[in-house]
Amino acid sequence: MAVSSPPPPRFHLSLHLQNPTPSPSPTRSKPRPAPTTETLRRRLLRRGVSPTPKILHALRKKEALKALRRARKDTEAAAAAAAAAALHPRDGALAVVEEDEEETRFRAAAAEYRALVGRPWDGAARGSAPTRGGDEEGEGLEGLREMLVARRGDGFRWLLDDDIEAEAAERKQQKRPGTGWDADPREEEMRIQLLVSRLNEEFLSFRDWRLSRMMKKADLVYNEDNLLRILDGLEARGNWRQALAVTEWVYNENSYRHRKSRFVYTKLLSILGKSLRATEALRVFTIMRGDAQIYPDMPAYHSIAVTLGRAGLLKELIKIIEYMRQKPSKRVMKMRRKDWDPSLEPDVLVYNSVLNACVLSQQWKGVFWVFQQMRNNGLQPTGATFGLAMEVMLKAKKYEFVKKFYDKMQKNGVPPRAITYKVLVRAFWEQGKINEAVEAVNDMEQRGVVGAASVYYELACCLCNNGRWRDALLQVDKLKQLPLTKPLEYTFTGMILASFNGGYIYECISIFESMKDYCTPNIGTVNVMLKVYGRCDMFGKAKDLFETTKASFSNSQTCVPEHPSLSADAYTYSSMLETSASSQQWEYFEYVYKEMALSHHHLDQSKYSWLLIKACRAGKSYLLEHALDSILERGAIPDVRLIVELICQSVAQNDYGRVLLFLNVMTEASIKISEVEWTKILQQNVHQFSVDALPDLIEYLSSSGIINADPALSLVRALQSQCQTISIRDTYLLVDGTSTQLCECSLVENGGKHSSSNLTEHDKLGDTRKNMCTNEHLDVPDSDGDIPQLGVAAVMSRDVSLSRPRLESIHGQCDLGHWGTQVSAIDEVLDSLSSYGDSSYREVPSASEILELWEQERINDMFGHKAESRTTLRGS
């Protein structure tokens, strides 16, 4: 093999010897210039980034500085080499000679390798030449290494060390996942899973910069397959918001704007439909109809039809059917070829979706339109079609059409399904035809139709609603043999509710007792039974059930076997409060309310405000105050009835400071009451107030300076009109009484005082007060027989006064708000604040402080019970 002669090294040697200062090597590469703006823009577009002029200017400046630093480094290296050559000219010449010799030997080895590759028979004979085509994946370089080792030993190993490292780095840079189509599928799948997990952690809109950074850092190619896998991961978590945001972000990027996929949008429609987001699905569907690339096909129409049908949007669904038959707009048609016609005809699934929408909207006439359209298009109704038609007629109370569609189904030879018999049983139940419902289920069993659990559940509730709970238990035995979508406790709860709604109260108790042979009651069953016991006036049983439920939850290890560990919820406490109120058990009512507050449950004031008002009239006014404080601490708006009741109680107790405080609460909560409403409230509660309570309240509110706006202004006007009415009425009532002379004197005095023409507002209020008869003999009767006897029914009614100050002073009752025999910690706190006024009410503890007192009281009771039990054991 010919090898290049050594004269070039001698030429270089002589050159270097003649001229000690080395000249720049002719093979030295020129400094790479900085890339232009257009180059940077194309580079960013290839990476999926849409650059702005500001970004391009910054990158151009950065690259220019980088090129300047690179040029300076090359200049400094050249200067250092020149200085070294000047100091040691012989070493520099020898280095050049060695470099040229190495280059000569490498060229010789490469030429021999190419010759061997071109002659495979020669390499096969020697056993050292590689096969042709070994240049991929580094096999060519490995073959060259093996050849050099076999031919000349390890002396040429140095030839390929740097090249292999450089090629490995280049190969690693080229195979970076996400930068090309040759990415590793397993690593790509891991990146998709990581992206989906991050997307599920928080909601980010498609305009959020964090979503853009997350999608770009994932380093994925967002083609159709990857997007479908991402949407599958989001669908599994029900995260329709992120699915919508990801799709919008991808197809708003310049790299993917013209690569939209119809399958991706159809998948997005399916996700929105499963999440019952009909409005968002309609918006996505409109986007699809405006783009020829993703124009809807039959699967897309199926998805949007099912979504609208489940939402009950009948008008929008009819428009979708019209869109199917129409041709696209001219703008969309220009995007495709001329013979493109995406018009379609609705099939059975679309018409079934229309019937499903008719169920929710109760448009029973739409059923006949659907059957007419199917007949015109030659479509045969299926079992689902007839079943949905029967359900529409059931919702519309058209029971005769339910039976007609069932007969028509049998006439057409369509086999009925279990869901069909469920609708039929429900229709017979609502008509009161119990025997026909039983015969329908027997017919289903005779036909060999595998019954669903819902059919036997409907029949069991039907029988319980008519008092036949023993026959219903037979249906439960059949239901146990079927796969259940819900536990058996739901079945018994529904049976108890059916009996309760049917008026069979004691049958509910029988069903509850029989339930223990099948399953254990859950908290829903307990809540229903508490209501049943309350209706039957069985406070004892309700109390035992409530205590058992609460004890089993607090100590599940020692719970009663019939009632496993249960967690009492807000409905449990509300039902027990209602039962206690109906049985007039106000001490236990207070105990349940405390337990409810300690369990951090809140009473629904929209449903149970009357319970607190009733308890307030029974002497538990501080419970109403605590409820109001807790509502305000939660930041909620209290019910106006609660505040009005507290205002009436404060006026009855002559505590005008509290009235002012409650008026401020109404002002902060933006609660307004008109003058007419205030007048009606005062008329209903005037019997609770003392004779001078209303004038004193007017004077107090006038001096406080808050009557410039509602509701205080409306209250003052109502008080003035009420005072005038009471003054005129009492004057006529006292004409033939014992205190007529005093009233006449007061009237004469008032006449003299009213002689002046200019009176201030305060004088007018004082005159109004003096016009009222203030004889003490009118408030306190001469004999005890004049005092009304207040029974339980009278106490619970608004027609009886609960507190009169002068009666309290005579009979020694300082506080009628506490009639109970037991005195709790909160009672002692409130009793200590017996003086009324502004400062007294401000010192009343807040709801959180009262809660702490109740907690401490509960702990003390627990220790007391333990000590008592220990004493009993020691005595035994």
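The backbone N, Cα and C atoms fix where each Cβ goes, and this holds for glycine too.
Any TrEMBL annotation is an automated prediction that lacks curation.
In TrEMBL this protein carries:
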- 1-10: compositional bias 'Pro residues' (COMPBIAS)
- 350-450: domain 'PROP1-like PPR' (DOMAIN)
- 1-52: region 'Disordered' (REGION)
- 347-381: repeat 'PPR' (REPEAT)
- 382-416: repeat 'PPR' (REPEAT)
- 417-451: repeat 'PPR' (REPEAT)
Note to self: On the 0 to 100 pLDDT scale, where does the repeat 'PPR' (417-451) sit on average?
What the structure shows: 89
Notebook entry, point to check: Same-chain Cβ contacts of the repeat 'PPR' (347-381) under 8 Å, 6 or more residues past its ends?
Noted result: 298, 301-302, 305-306, 308-314, 317-318, 320-321, 324, 388-389, 391-393, 395-396, 398, 401, 412, 414
Note to self: From the DSSP assignment alone, can you count helix, strand and coil residues within the repeat 'PPR' (417-451)?
What the structure shows: 28 helix, 0 strand, 7 coil
Item checked: Helix-strand-coil residue split for the repeat 'PPR' (347-381), DSSP-based -> 26 helix, 0 strand, 9 coil
